[in-house]
Structure formats: structure tokens, C-alpha cells
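Just below is one structure, and these are the notes that go with it.
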Amino acid sequence: MIDRFGRPLEDLRITLTHACNFECFFCHMEGEEGDNYLLSKEDILLVAKVARKFGINSVKLTGGEPTLRRDLVEIVRGLKQLGYEDVSMTTNGFLLKDLAHKLKLAGLDRINISLHAVSRDTFKKITGVDAFDRVIEGIKSAIDVGLVPVKLNFVVNRRNREEAFKFIELSQNLGVNEIHLIELHPVGLGKLAFKEHDDLREIEEYIEKISIKKLIRKKHFRPRYVLPSGLIVEVVKPYANPIFCAGCNRIRLSVDGKLKTCLYREDNVIDVLDILKGEYSEDVKEELLGRAFMIAIAIREPNFKYKI
């Protein structure tokens with residue numbers, strides 16, 4: 001499906017929970033501000049089933065922290081049974097050492113792991129948890145079981161910017177495939193923490209100097225730098241960036257049952273909770289959800305647009 005701005009809809013992001021065992025001060029919560037209402041596994045898979053009918057072939061599980069869902073493995077297995085070619089997840093890695101193998105067997109294809117520091121002290125200051133070593137073990141487990149590409153997310157801010165350069169070195173030593181250096185943006189808790197925002201220009205200039213090739217990612221048109229080691233460094237600057245929005249191919253299912261068409265907005269959402277919890281047959285629910293998707297696609301628009 002193509003929206004009225006010519007952007008294809010290819011990716012479904014599902015927030016499994018708002019609960020998290022970390023307390024990162026800038027968490028964007030997938031742009032959601034509603035209650036932590038947990039959709040059932042059946043609800044999630046029904047929405048995902050309808051999304052497949054619209055040509056969506058990629059799904060990412062997010063949170064909060066998705067590994068806190070006890071039915072996570074079953075959800076992953078169900079998504080693969082629906083025919084999704086690409087099932088991925090973003091996690092803080094705390095529980096990954098014990099879950100990586102089970103998730104791989106269930107069909108998880110790849111994984112993003114958040115690691116916003118390279119030292120225990122900075123890690124604890126950012127997350128509120130002394131778990132740096134445990135997350136490193138989770139990363140190693142993901143690599144060992146073949147959840148590739150393993151990507152690490154590093155949100156750059158004033159509290160950790162000096163570690164961004166060392167983060168590149170650590171990532172190469174760990175053997176991960178790719179890292180994302182992400183600009184802090186004012187969504188979720190990031191609204192309150194935006195004073196900690198730090199410009200990525202100096203870091204990107206350094207990466208460009210040491211890289212052997214520069215690429216542009218089709219999704220969001222992000223710059224990607226290939227280092228001599230083979231590590232790919234992607235620079236993510238979404239805020240006030242029309243280029244980022246022009247390449248957006250996502251729709252989100254929020255934790256409280258809304259189809260969310262934009263990370264930055266709460267006014268253009270379609271509430272499907274009543275459909276999911278209503279006393280309808282599954283066929284009727286699918287039909288109603290299909291209509292909801294059509295409306296969501298119709299109202300979808302870039303938050304940041306080029307000024308003409």
C-alpha cells in the first residue's frame with residue numbers, strides 16, 4: 001500500500017508492553033503516552049494477520065522491554081507462521097542470555113540491542129541499573145545463536161557523548177554487524193530530557209574520515225558508513241528531519257490497541273481496541289481491522305515536511 005505522499009507501507013512495529021526493568025531517562029516509549037494495557041497474544045497476531053493482507057512483510061517487536069512478556073516466544077512463532085519474512089526485536093539485552101536460543105528457534109530473524117555506554121558507571125547513570133556486564137553477555141549470546149545482523153543502538157547525549165567513539169571500538173571487538181548512533185529526540189521521556197541533546201556532527205565527521213565507504217539506507221535515507229573492519233555505522237537523526245519522514249514506511253500498533261501512523265503524533269491514530277475486545281467473530285474482526293488500516297493509511301502523513 002502507498003500513502004498519499006507516495007510512501008509505501010512495509011513495516012509494522014508492535015509495542016508489547018510499556019513495562020521495563022531499566023529506567024533510561026530519555027526513553028521515547030515508541031511515542032506512546034497511554035496506559036500500559038497489554039493486548040493479548042491473540043489480539044496482536046490478529047492485527048498482524050490483517051497487516052499481511054496489506055503487503056506488510058516486516059515486523060519489529062518493541063517496548064518498554066519486550067522480553068518481559070512471558071508469551072514473547074509464542075508471539076514470535078505466531079508471526080513467522082503468518083508468513084512474515086522479517087521478524088525482529090529491540091531489547092535492552094538484560095534477559096537475552098537465557099532467551100536468545102529460544103527466540104532463534106521460534107523464528108526471530110535479527111535483533112537490536114540498546115547499549116548506551118561502554119563503562120559500568122555511565123551505564124548505571126543512564127539506565128539506573130548496574131547491568132553492563134549482563135547486557136554484554138546477552139549480546140554475545142545473540143551473536144552465538146545467529147540472530148544476525150546483530151545491531152547495537154546508542155542514543156548520543158551529553159552524559160555519554162565521550163563514550164561514543166569508544167563504543168565503535170567496543171562494537172568491533174564484540175563482532176556485531178552494525179551500530180546505530182541515534183540522536184536524542186523529544187518523544188516520550190525525551191521531552192523532559194531534551195536539554196541533554198547533543199549534536200552528532202562531530203561524531204559523524206569522525207566516522208566519515210575513518211570509513212572506507214558511505215552508503216544511503218533506503219529506509220529513512222540514513223547515512224551508513226562501512227569501516228575497514230566491516231562494521232556498519234548508521235547515523236540516525238530523526239528530529240525536524242523531512243528526509244527521515246519522507247522515507248518512513250512504518251505503522252505502529254500501540255500497547256493500548258491503537259494504530260499509530262507517526263512516532264511524533266497522538267492525533268492521527270485509529271483506535272482498534274473495541275474491535276479486538278468486541279464480541280465479534282474473527283471474520284468480522286478481520287473485516288473491521290481491514291477498514292481501520294485503510295483509514296490509517298489515508299490519514300498517514302510526514303510530521304516534518306519540506307517547506308516550499
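Using N, Cα and C of the backbone, Cβ positions are placed for all residues, glycine too.
The feature GTP binding site is assigned by Swiss-Prot to Arg13, Lys60, Thr90, Lys151, Arg250, Ile251, Arg252, with sequence analysis given as support. Cβ contacts within 10 Å of Arg250 (GTP binding site), excluding its own Cβ and spanning all protein chains shown: 21.
According to Swiss-Prot, the feature [4Fe-4S] cluster 1 binding site maps to Cys20, Cys24, Cys27, an assignment based on sequence analysis. There are 19 other Cβ atoms within 10 Å of the Cβ belonging to Cys20 ([4Fe-4S] cluster 1 binding site).
Reduced to three states, the DSSP call for Gly64 (S-adenosyl-L-methionine binding site) is coil. What Swiss-Prot lists as S-adenosyl-L-methionine binding site is Gly64, Ser114, and the listing cites sequence analysis.
Per Swiss-Prot, the feature [4Fe-4S] cluster 2 binding site maps to Cys245, Cys248, Cys262; the stated evidence is sequence analysis. All protein chains included, Cys262 ([4Fe-4S] cluster 2 binding site) registers 21 other Cβ atoms within 10 Å of its own Cβ.
Annotated domain 'Radical SAM core' per Swiss-Prot: 4-222, in sequence order, evidence recorded as sequence analysis.
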Averaged pLDDT, computed only over the residues in the domain 'Radical SAM core' (4-222): 92
Which of Cys24, Cys27, Cys245, Cys248, Ile251, the listed binding-site residues, has fewest other Cβ atoms within 10 Å: Cys24
Coarse DSSP state, helix versus strand versus coil, of Cys245 ([4Fe-4S] cluster 2 binding site): helix
From Cys20, Cys24, Ser114, Cys245, Cys262, the binding-site residues whose CA lies within 10 Å of that of Ile251 (GTP binding site): Cys262
